[in-house]
Each structure stands twice: as structure tokens, then as C-alpha cells.
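Notes to accompany the following structure.
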């Protein structure tokens, strides 16, 4: 049976609005997880998310080929709903999906060593399969949209097939993108078709809307991979502390008890999503959003419009919604956390609970800080109490706590201020050069192309964040820089850079960015021998397009510093000025190559 005849996707707005949010009554344990999720999600959504799951694991498989696997899983789910004691119904969802994959004929012919994962036991088997997922693979072509008149007719005649292929392609090309996000993007795409097919110039309209959808997908994908990386690298405690800070900033009026419940649920949902268990990811996230929407008066005045949306559009809307307004009557924290004589008793009686409360109270007062900065303040406060509560006079010991903790804030504010001033004064091109000099000295072992990629990403962050209002600059800058650093650290795990980078990547999540900022020249680095060919200039320096010239000069700068990492700013400027003078002189000569050779 064809996949297109199996489903009418939940993200079609008509069916999405009627999704029954009344959950099946939940016992402490479910006899059959697959029956439980099928009952919760209902048939259409269950099928859609099952297709996404298989498309993300088996990225080379055709739409029709995956349809057969989807049918097998749906048939099992329906059997288990009828009888939870039936064979295979007690299996975990990952086991059901991976067993299905491991029964694919000629799996090794298409996927090579990935077939070896089937010999492992769960959960190692799933970890093995996840390691073979390839983001934006060359063997999967991007979604190709038919011409305007064609796509509008196809949408009208074969809506399910059109959107089904869209979801399938997005899932194959983005194997770490969460299922709720993929269905949300499909809803955005349908909205675009509905609007643009009424326009005179359908293609121009769709081009504009498709670009926005693509940018949204890219942005969300990067953030989701970042969150999975932090959860895997630093564990649940750090992950939950970061989410507690963020949620307390977003919902400053909500009580701590609600924040703790939501953060606990978020941790579980991310674990499911990061492990590729998209049915549980979809179901549990929808349930959390329904819970938040059922208590809007407790959480936020900024999500009413989100809660009125169809289920598949609701979660992305809530996630992107503005922070709620901070309560006006919040008292100073100094009395409760410094002057109170019971501070040490409360800290020692319930260490984690006490610090969670501190993070919550501090975060809801400071939406202008990054979560990483808030966690640095919290770690500083924790270290102070651990030291002072062992002394005879704790109050005297932590009497200067405010000044001590403010050092973290001043350091971060100064970094943002200095870099924004540098960017605004000198422009993007000079700012990029400054970043390349800094980071080539810190990690000269990294390839020139990768350093250029990192430098351009950081420049883009500066351009994006430095134009924001003062109270938005810091969380924007450090938030996005943390993502770039996480990407660097992920590469460091498979291709070690140097001891300094390894220390900064592994030591502390909260201190990662300051650690990279403070990192000096790698003293253990031995520069490669001088290669004259790297400084072999020809007439391309004069005739190449401006962008190519600029790229060549940036590569030259990086390669120069790799050979002389201890060069001062003055020495680099002298060489740069000399190079510019040489190019200006030789490009005016009739025999350019001879001039370059002499110079």
C-alpha cells in the first residue's frame, strides 16, 4: 500500500485543529509503549512521525521503500492497541524501530558499516546508528520546488503527496531535526502555498517565503544540535540548570515549583529527541505545551496567540515568544542570600534545592544576562558558600559576595562592549581580521579554511547582536558564541587541537566562553617550516574579483600567523601595510609577475 494512501497528515490545518488533546489516562507504567503513543498521537500523526524517524535513520532509502517500514510499525501499533499482551507489544519504541531497520534486505549494500550496529545490544545499538547520521548529505538533494503553476495544481490535486514528500526530504537532509519542528515547517510551507497560489507572481511569492522557512529550519537545527551536545557532554544537572535559568527569564512570574516541573519535563523531552525517539519526542512535547497553555495565567501573558494555534504550530510559537514582563515588586536578593543568618544552614540542608532556588530568583530578575553568565554567578556563589560555611564566621567571609559576583558580570559586559566598539568603529572586514589573528594564535593547528569559517560566524554574530538594544546584546552575543564554541569542541573530540582548547571544552559549561577569551598563544605549538610557495604572488592579486582577492589576503594572514604566532599587532600591521603597498605598486606595472618577484 502506498504511503500517500495511508495518511492525511496531522499538520494539515483542518485535522490539526481537531487533534484530541485529552490524553489517555496514564498509569505509572504502560504495558505497551507503542500502544500508549499511538493512542496519544492518533493515527495520522503517528504515521507522519514514524516516516520522519525512518527517513532520519535510513537517509538513502526511497519514499516508497520507507512506506513499507512505516506500515509494519503502524500495523504493530494497531495490534497492540487491541491487545497490549500481544507479541512484541512490550518492546521499547527504539527497539521496535531498530529491529525493523535491521531486517531491511541488503542493508550493508546501501549503508556499509552501519549494518554492524545491528550486532550491538540496546542502547549501544541506537548510539551506533545515531553516529552514522549525516547532516545535509551530498547524496540527498535539497527539496526542489516545482514551478509556481505546477505546484499550485499539485497542491490542489495531491496535497497529501506533495507535503508528504516535503517532510520526507526535510527529514532525510536534517537527521537531527526534531519531528515537531519538521511538522511545524510543513505547516509553514502549506501556509505559504495557500497564500502564494492566490498571487499573480506565484514563484516570487514562494521564493520569499521559502527563504524564510529555510532560514528558520537552519536556525532551529543548530540550536537543537547544540542542546543535544550540552546534554551529552555535561550531563543532566548542567543541562537542567541552563534550562532553569532560561525558563525563569522567560516566565518570571511563574512559581519555582512550576519551573522545576517544566524543566524536568524539558530534560526528558530533549533526551528523547536527541536519541532519535521522535514518537515520544512529539507526544511529550505536545503534552508539555498543552500543560503550559492550560496555565497561561501562571506562566505568561505573551503566549495566548500561540495557544490558539494548531498543535503542530503551537510549540515553535511558544518557544519563540517574547519573555513575559518582569514583576515590578521583586525584592533584592542580598537580604535572602547574603545577610540572612540561616544561609549556611539552608545551603547545607539541601545543596541542589538551595542553588536551584538561587538560579531561579537571579534569572527572573536578569533577562538581560545570558544563561551562561547566570550560571557563572551561581557557581561563584556556590564556591563562596562552600568555603565560607566551613569558617567560624561565615557572614564575615561572604560579606563581599556582591562585589565578588559582580566580577563575572563586568568581565562579560566588557567583552561585549569592546568587541561591539571594534566592529562598529572599524567595520566587518577589519573585525574579521582581528578575530582571525586572535584565534589563529590560540589554535594554530586548525586548518585555514576552518579558522575562516569560525571567524566569519563570529563576525556574523557581532553584526547581528551589536545592533540590538543594550539589554539584548549580552544574551545574544554569548548565546550564539556558545553555539560556535560547542561546534569547535565537537570537532576537538575527533580531531584534537591542543591542550588549551581541550581544557576549555571539557572543564566547565558556564566558563567555556571566558576560557576561550582568556586563552593565550599555544606555547607548545611548533610552527611548520617556511614554505616559499605560500607567498608566491602573481597577477591574480590584481585581476581576481574583489571577494576572491579578500579571501586570498585573509588566507595569507592566517598562514603568516601560523608560522609566526608570537608576532605583535605592530609587526602584523607593518607587514599588512607593506603587502598593500606592494599590490598597489605592482598592479600598475606592465610586467606584474616580475614586479611581484622583485618585491
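Just so it is clear, glycine is given a Cβ too, placed from its N, Cα and C backbone atoms.
From a predicted model like this one, the values you see are computed outputs, not experimental measurements.
Quick look at what TrEMBL annotates:
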- 1-18: signal peptide (SIGNAL)
- 22-214: domain 'Albumin' (DOMAIN)
- 30, 33, 40, 272, 277, 280: Ca(2+) 1 binding site (BINDING)
- 80-89: disulfide bond (DISULFID)
- 102-118: disulfide bond (DISULFID)
- 117-128: disulfide bond (DISULFID)
- 196-205: disulfide bond (DISULFID)
- 215-407: domain 'Albumin' (DOMAIN)
- 228-274: disulfide bond (DISULFID)
- 277: Zn(2+) binding site (BINDING)
- 283: Ca(2+) 2 binding site (BINDING)
- 293-307: disulfide bond (DISULFID)
- 388-397: disulfide bond (DISULFID)
- 408-599: domain 'Albumin' (DOMAIN)
- 420-466: disulfide bond (DISULFID)
- 465-476: disulfide bond (DISULFID)
- 489-505: disulfide bond (DISULFID)
- 504-515: disulfide bond (DISULFID)
- 586-595: disulfide bond (DISULFID)
*asked:* Which one is it, among the binding-site residues 33, 277, 280, 283, that lies nearest to residue 228 (disulfide bond) by Cα separation?
replied: 277
*Sort the binding-site residues 33, 272, 277, 280, 283 by C-alpha distance from residue 466 (disulfide bond) and give me just the closest.*
272
*Write out, in the order they occur in the sequence, the residues of the chain not among 30, 33, 40, 272, 277, 280 that have a C-beta within 8 Å of the mean position of the C-beta atoms of the recorded Ca(2+) 1 site.*
36, 37, 93, 279, 283, 284
*residue 80 (disulfide bond) to residue 40 (Ca(2+) 1 binding site): how many Å between their Cα atoms?*
14
*Separation of alpha carbons, residue 272 (Ca(2+) 1 binding site) and residue 205 (disulfide bond) (Å)*: 37
*So which recorded positions out of 40, 118, 397 end up within 10 angstroms of residue 283 (Ca(2+) 2 binding site), measuring C-alpha to C-alpha?*
40
_residue 40 (Ca(2+) 1 binding site) to residue 489 (disulfide bond) - Cα separation in whole Å_ = 38
*asked:* If I take the alpha carbons of residue 128 (disulfide bond) and residue 277 (Ca(2+) 1 binding site), what is the distance between them in whole Å?
replied: 14
*For residue 476 (disulfide bond) and residue 272 (Ca(2+) 1 binding site), what Cα-Cα distance in Å is obtained after rounding to a whole number?*
27
*How many Å lie between the Cα of residue 274 (disulfide bond) and the Cα of residue 280 (Ca(2+) 1 binding site)?*
11
*Looking at the binding-site residues 30, 272, 280, which has the shortest Cα distance to residue 489 (disulfide bond)?*
272
*Can you name the residues of this chain that are 6 or more positions from residue 293 (disulfide bond) yet have a C-beta less than 8 Å from its C-beta?*
303, 306, 307, 314, 318
*Expressed to the nearest Å, what is the distance separating residue 595 (disulfide bond) and residue 272 (Ca(2+) 1 binding site) at their Cα atoms?*
63
*Using C-alpha atoms only, work out the spacing between residue 515 (disulfide bond) and residue 280 (Ca(2+) 1 binding site) and round it to an integer in Å.*
37
